[in-house]
Amino acid sequence: MHIEKVMVIGAGQMGSGIAQVCAQAGYEVYLNDLQEDIVKKGLGVIRKNLDRQVQKERITEDEKEGILGRFIQSTDLKDAENADIVIEAAVENLKIKMRIFEELDQYASEHAILATNTSSLPITEIAAATKRPEKVIGMHFMNPVPVMKLVEIIRGLATEDEVYQAVEEMTHRLKKVPVEVNDFPGFVSNRVLMPMINEAVYTLYEGVATKEAIDEVMKLGMNHPMGPLTLADFIGLDTCLYIMETLHEGFGDDKYRPCPLLRKYVKAGWLGKKAGRGFYEYR
Ligand code: CAA
Ligand code: NAD
């Protein structure tokens, strides 16, 4: 399975990061979102990241232009017909992802791998939206993608070994480290991380400490690079809530119940850094 052309669906914080590292590794990249202005915004973020690399003399201006020249903007899922692998990074919603995979199944070429960057949702169920579950796999990057080394790779029930190997190889080419985990809600990363974040929201909700104090305790006391509430804002409070709901529903255990304060913030549209306001304000 030879991968040269990649399509990334969703040009938000994860999709743009995935597209950036793919183009930097020499792949041709179709970057897709619902509207052209969102794709352009994603490309703007990529350009800014590359400008910083030029400033730091990690790449030359010519290399930057070469990387930017490997992008093709897309607002049509039909463009999947050109891709050897599609990496879906749209919102964390099972119905939306299943609809996307159903459509991709109609357009993507027979040999194409259909990967999802879902944080928590069942790969096997997403794969069942297609007639080629053997080509579907989880490829879970971490945020910010250009910096974080890990990619969790998750097989669905029917995923072929060849597909797994091709994705593992691609992960190495992206200069990332693949770790195989099984198809359970939240995989390993968010099964462990998200209950900690949710518990931090409970400590705020119950008045145990201020948001600044909660973050400071975890930064200075546990050497975490960001406090849990800052990290939640960085991930996106909508994404955090969807992940907690997946854990709660998937395991049926009350220990995963999303904190009502998290729910309230999402209902208010306080989605974190990307919305300008979450637990903190961003200007
Ligand atoms: N995009 C690209 N590069 C970025 C970036 C971004 N959004 N944010 C920071 N960087 C780069 C900076 O340019 C800098 O690069 P150089 O060293 O080459 O100059 C480097 O990262 C360090 O940045 P800073 O010095 O500005 O800041 P920092 O030292 O505080 O690091 C951080 C920033 C890497 C984000 C760090 O705070 C961190 O590791 N935070 C925790 C991140 C984390 O836990 N991610 C996982 C989230 S959970 C997830 O992803 C899974 C899920 O499904 C929800
Ligand atoms: P985001 O809100 O920044 O971006 C999502 C993008 O998907 C938006 O631009 C939206 O317009 C687009 N989109 C929605 N429906 C679409 C469709 N039908 N077709 C094409 N595009 C569509 O979200 P994000 O943080 O980039 O998260 C994307 C995915 O990555 C989610 O599944 C999330 O769980 C996962 N993820 C997120 C993080 C994180 O820290 N934020 C980390 C790892 C994985």
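Yeah, the Cβs are placed from backbone N, Cα and C, and that goes for glycine too.
Curation plays no part in TrEMBL annotations; they are all automatic predictions.
Sequence annotations record features per position, and here TrEMBL assigns NAD(+) binding site to Gly10, Ala11, Gly12, Gln13, Met14, Gly15, Asp33, Glu92, Lys97, Ser119, Asn143, Lys274. Counting only same-chain residues six or more apart in sequence, the Cβ atoms lying under 8 angstroms from the Cβ of Gly12 (NAD(+) binding site) belong to Asp33, Ile38, Gly42, Ala89, Ala90, Lys274.
The domain '3-hydroxyacyl-CoA dehydrogenase NAD binding' feature in TrEMBL is assigned to 5-183.
For the domain '3-hydroxyacyl-CoA dehydrogenase C-terminal' (186-282), residue counts in helix, strand and coil come to 66 helix, 3 strand, 28 coil, using DSSP. According to TrEMBL, the feature domain '3-hydroxyacyl-CoA dehydrogenase C-terminal' maps to 186-282.
Counting every protein chain shown, the number of other Cβ atoms lying within 10 Å of the Cβ of His140 (site 'Important for catalytic activity') is 24. According to TrEMBL, the site 'Important for catalytic activity' annotation covers His140.
Using a 10 Å radius centred on the Cβ of Met14 (NAD(+) binding site) and all shown protein chains, the other Cβ atoms total 25. Proximity to ligand 2 at the level of Cβ atoms, with a cut-off under 6 angstroms, picks out Gly12, Asp33, Asn143 from the binding-site residues Gly12, Asp33, Lys97, Asn143. The local packing around Lys97 (NAD(+) binding site), expressed as other Cβ atoms within 10 Å of its Cβ over all shown chains, amounts to 21. Comment: NAD(+) site residues Gly10, Ala11, Gly12, Gln13, Met14, Gly15, Asp33, Glu92, Lys97, Ser119, Asn143, Lys274; largest CA to CA distance 21 Å, whole number. In this structure, Asn143 are the binding-site residues from Gly10, Met14, Asp33, Lys97, Asn143 whose C-beta falls under 6 Å of some atom of ligand 1. Under 8 Å, Cβ to Cβ, and six or more positions away along its own chain, Asn143 (NAD(+) binding site) finds Gln13, Met14, Gly17, Phe234, Ile235.
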